[in-house]
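Chemist: Can you read through this structure? Questions will come right after.
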Amino acid sequence: MPQKDPCQKQACEIQKCLQANNYMESKCQAVIQELRKCCAQYPKGRSLVCSGFEKEEEENLTVKSGST
């Protein structure tokens, strides 16, 4: 049996918030930030729900380092 994703609760909260606010991300920044905090606590690859943030961070680093 696979281990429970440590940040699943925060991901579900984001989905609830987005549904309640007609998918306007600007209204859900607080819960998105909570997921980012959760993701920062675990090693890369530990949380499946964090994989999107990890990919986003890698792309941002590539863009920033490429522009200097």
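Positions of Cβ are set from backbone N, Cα and C atoms, glycine also.
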Chemist: According to TrEMBL, which candidate among Cys28, Cys38 shares a disulfide with Cys7?
Modeler: Cys38
Chemist: Which of these links to Cys28 by a disulfide bond in TrEMBL: Cys12, Cys17?
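Modeler: If we follow TrEMBL, the cysteine bonded to Cys28 turns out to be Cys17.
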Chemist: Taking the Cβ of Cys39 (disulfide bond) as the centre, how many other Cβ atoms fall within a 10 Å radius?
Modeler: 22
Chemist: Cα distance, Cys28 (disulfide bond) to Cys7 (disulfide bond), nearest Å?
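Modeler: The Cα atom of Cys7 (disulfide bond) is 16 Å away from the Cα atom of Cys28 (disulfide bond).
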Chemist: When you put Cys50 (disulfide bond) at the centre and draw a 10 Å sphere around its Cα, which of the disulfide-bonded residues Cys17, Cys28, Cys38 have their Cα inside it?
Modeler: Cys38
Chemist: Taking 10 A as the limit, how many CB atoms besides its own sit near the CB of Cys7 (disulfide bond)?
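Modeler: A 10 Å sphere around the Cβ of Cys7 (disulfide bond) contains 23 other Cβ atoms.
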